[in-house]
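Student: According to TrEMBL, the feature Mg(2+) binding site maps to D57, D342. The active site, nucleophile feature in TrEMBL is assigned to D57. Marked as GMP binding site by TrEMBL: D59. The active site, proton donor annotation in TrEMBL covers D59.
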Amino acid sequence: APAGGTELSEHLWARYQDMRRLVHDLLPPEVCSLLNPAAIYANNEISLRDVEVYGFDYDYTLAQYADALHPEIFNAARDILIEHYKYPEGIRKYDYNPSFAIRGLHYDIQKSLLMKIDAFHYVQLGTAYRGLQPVPDEEVIDLYGGTQHIPLYQMSGFYGKGPSIKQFMDIFSLPEMALLSCVVDHFLSHGLEFDQTHLYKDVTDAIRDVHVKGLMYQWIERDMEKYILRGDETFAVLSRLVAHGKQLFLITNSPFSFVDKGMRHMVGPDWRQLFDVVIVQADKPSFFTDRRKPFRKLDETGSLHWDRITRLEKGKIYRQGNLFDFLRLTEWRGPRVLYFGDHLYSDLADLMLRHGWRTGAIIPELEREIRIINTEQYMHSLTWQQALTGLLERMQTYQDAESRQVLAAWMKERQELRCITKALFNAQFGSIFRTFHNPTYFSRRLVRFSDLYMASLSCLLNYRVDFTFYPRRTPLQHEAPLWMDQLCTGCMKTPFLGDMAHIR
């Protein structure tokens, strides 16, 4: 390399231009649109040939809901805050913003801070909001004692419910995060003092009231065509499994009358004949851990029977109960059972960790995120970020003033690219699966608690019932000599970029 000064600076920019050309050559247009939004993605190897029993949650699993439901929840909870909790009338001016939050965010109750945390418990800078306003990175670091690291093990329980940090894991939490941010915004913008714990509890209680009072059920029941999506595909999945001799069961927290109306809409009046066991108002996740609650039988009107349950019969409806009695009565144990749900904690975690069931996560956001990933803008932005990172790593040994200026320019460009890539998904928080260079905490839990994940249950229709899913072998850091960042750092011991241009 040149000795220094202007000559070295020119050399660095020449390497920069070489790398730009290399990235263009290594990323032909056909690399885009390779990912299929209707595919099923595997975290663990699983053969459907070995699965004899399929279980399902109801909300956002068997029944997919339209986004039009979220503003209804937001408005109803907002009005409950004003009319029943006596919150300021000015809060009524806020409307639901569907583009504000994403699933998987954490909320620090005492700091009124909504933020995205990565798999290593670090806040992604630029994704911390108090109310509707971004919090400067310097302030976030100062709030946590000079670090971006959040001690989640001290501040949040296994299910992400506190005591001082809450994680929003289900799709119903989107209007909750929006309302929480709007209420905090109103208090801050009007200079009103408030207790952070009281405000957080009031908002979560108002959202809970929307569900407990049955308001959401009423909206859906009044207009199922508007709110329930892909009902015909759900029917096709269930019918296909039964036709191939599989046993099916349903465990949901929703009440029978609501589930019955929805299933009649999607499947028909004889929907219960598809299921070997149906359990409603199960009270998950305690259903999976609390042995004390027995099953009770419901009749067609929803009235409870008092007789002791000694077997679970096909065509009957059961309420509450617990997983331990369920396993004893059905003998459905271990990896021959595959259960699908949308909530990684309430639906899947205990089943995988404690009981060895196989699990499938329904992630509706996956479809949109894959469509963004498939765009040429995203692919070029991501690959060039990796290339710049490699250049920075390789060239950091140059310490003269002009070289440092060049490296600073590259670092600035990389940061700008990161912001552009983040905004493709969500302007405030980016992708639900990835921070700038690490998986999100949500992604970490997704990998830990699900064997499979997909955008909707209908993705099963694209695979045979004896199909084997294999996870893509992900190289460890020391196993990845052909990855772009390794190419760029010269770790292949290839001294000239031109010698690598043939690599595809």
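Heads up, the Cβ atoms here are built off N, Cα and C, so glycines get one too.
A description of the local structural setting of each listed feature is requested, covering burial, neighbours and distances.
Tutor: Annotation for D342 (Mg(2+) binding site): same-chain Cβ neighbours under 8 Å, separated by at least 6 residues, are D57, D59, Y60, T61, D170, I171, A361, I362, I363, P364.
Within 10 Å of the Cβ of D57 (Mg(2+) binding site) there are 24 other Cβ atoms, across all protein chains.
The number of other Cβ atoms within 10 Å of the Cβ belonging to D59 (GMP binding site), over all protein chains shown, comes to 23.
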